[in-house]
Amino acid sequence: MAAARVPLWAICVRRVALATVYFQEEFLDGERWRNRWVHSTNDSQFGHFRLSSGNFYGHKEKDKGLQTTQNSRFYAISARFKPFSNKGKTLIIQYTVKHEQKMDCGGGYIKLFPADVDQKNLNGKSQYYIMFGPDICGFDIKTVHVILHFKNQYHANKKSIRCKVDSFTHLYTLVLRPDLTYEVKIDGQSIESGSIEYDWQLTSLKKMEKASAEAEGWDQAAKDKSQDWEKHFLDASASKPSDWKGELDGDWQAAMLQKPPYQDGLKPEGIDKDVWLHQKMKNSYLTEYDLSEFENIGAVGLELWQVRSGTIFDNFLITDDEEYAENFGKATWGETKGPEKEMDAIQAKEEVKKAQEEDEDDMLMGRFRGRENSFKGFHRRNEF
């Protein structure tokens with residue numbers, strides 16, 4: 001007896017009890033998405049988004065997402081959710097992106113923002129916690145960005161992670177784990193993983209300079225002759241004679257000896273002092289707030305530039321459960337990726353057929369025009 005198949009949606013429902021889903025967006029309620037997503041008005045020239053499944057798709061409704069609509073524009077849009085901290089938890093960021101226009105230069109990445117981000121004024125200078133996703137420009141840049149904000153600086157992964165460059169929908173997943181390991185997946189397949197400390201070159205941030213520090217006056221010039229440099233110095237070995245009488249002889253002073261051989265411009269002997277090297281100590285800040293932990297995550301958004309528009313963003317997910325993310329990816333992108341390619345193949349065949357028919361028509365017209373010219377030539381020759 002064959003085992004009964006459990007639908008993917010049922011698996012996802014079961015996982016909800018175990019997973020914390022901070023944000024999930026599939027754009028299945030038509031134009032109501034506008035109540036959740038906020039266009040930035042920071043610049044009147046920002047491009048606009050529309051809800052679309054594109055020219056080819058696996059499912060007309062399920063594949064609808066935010067599509068860029070204007071060429072050579074910056075775009076800025078975001079959605080809020082209940083703020084949370086990923087301290088001590090796994091953080092998964094996942095979404096699909098489709099460069100239907102065959103991207104030549106532009107971003108396809110997303111950003112996670114602090115809860116206090118100003119959505120109406122979102123722009124390229126707005127602070128973000130994480131930037132993740134594909135970026136394409138010409139032949140040189142075809143990369144997956146993974147940028148983390150730490151200690152008021154942005155740190156990029158030092159590894160080169162190649163993105164997909166075709167016009168189909170692809171599933172991008174970033175996993176940040178509390179043991180300071182990470183994983184990047186495309187279409188459910190792991191393409192890069194490793195240590196957050198080493199792959200972001202953050203090991204130096206695990207230690208900080210000790211505040212106590214250099215000897216007093218260390219940074220003052222100590223080599224050159226001082227202004228009070230004298231030719232003579234007191235004889236420290238001299239002692240007052242036993243028959244010295246202060247009442248008659250006055251106050252006794254040690255004899256002054258000449259510094260041999262003194263010349264103007266002579267530099268006194270001393271110890272060369274290099275730059276003071278601070279001792280290194282463990283950065284106590286990191287014990288409370290680690291390299292991939294963010295205290296107040298509260299918004300997700302698209303802030304990017306595109307030369308040629310047409311990209312579609314869909315199936316956004318932010319959660320703490322890797323299995324839930326995997327099942328969600330299968331239930332969304334996994335269900336429509338095949339039909340999408342089938343529709344594209346059908347359209348391609350139709351385009352080829354149409355082009356062939358047009359070529360045949362052109363050839364027939366060309367033959368007729370050729371005969372017409374020959375007839376005219378014949379008549380002209382007859383005239384002679």
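Glycine residues also receive a Cβ, built from the backbone N, Cα and C atoms like all the rest.
Swiss-Prot lists Tyr109, Lys111, Asp135, Glu303 as alpha-D-glucoside-binding residues, and of the candidates Tyr128, Tyr129 the one it assigns to that same site is Tyr128. The cysteine that Swiss-Prot pairs with Cys137 in a disulfide, picked from Cys105, Cys163, is Cys105. Per Swiss-Prot, the range carrying the annotation motif 'Prevents secretion from ER' out of 229-232, 353-356, 373-376, 381-384 is 381-384. DSSP classifies Asn42 (N-linked glycosylation site) as coil under the three-state reduction. Using a 10 Å radius centred on the Cβ of Asn42 (N-linked glycosylation site) and all shown protein chains, the other Cβ atoms total 19.
Taken together, the residues in the repeat '2-2' (264-272) have a mean pLDDT of 52 on the 0 to 100 scale. In the repeat '1-1' (191-202), helix, strand and coil residues by DSSP number 4 helix, 5 strand, 3 coil.
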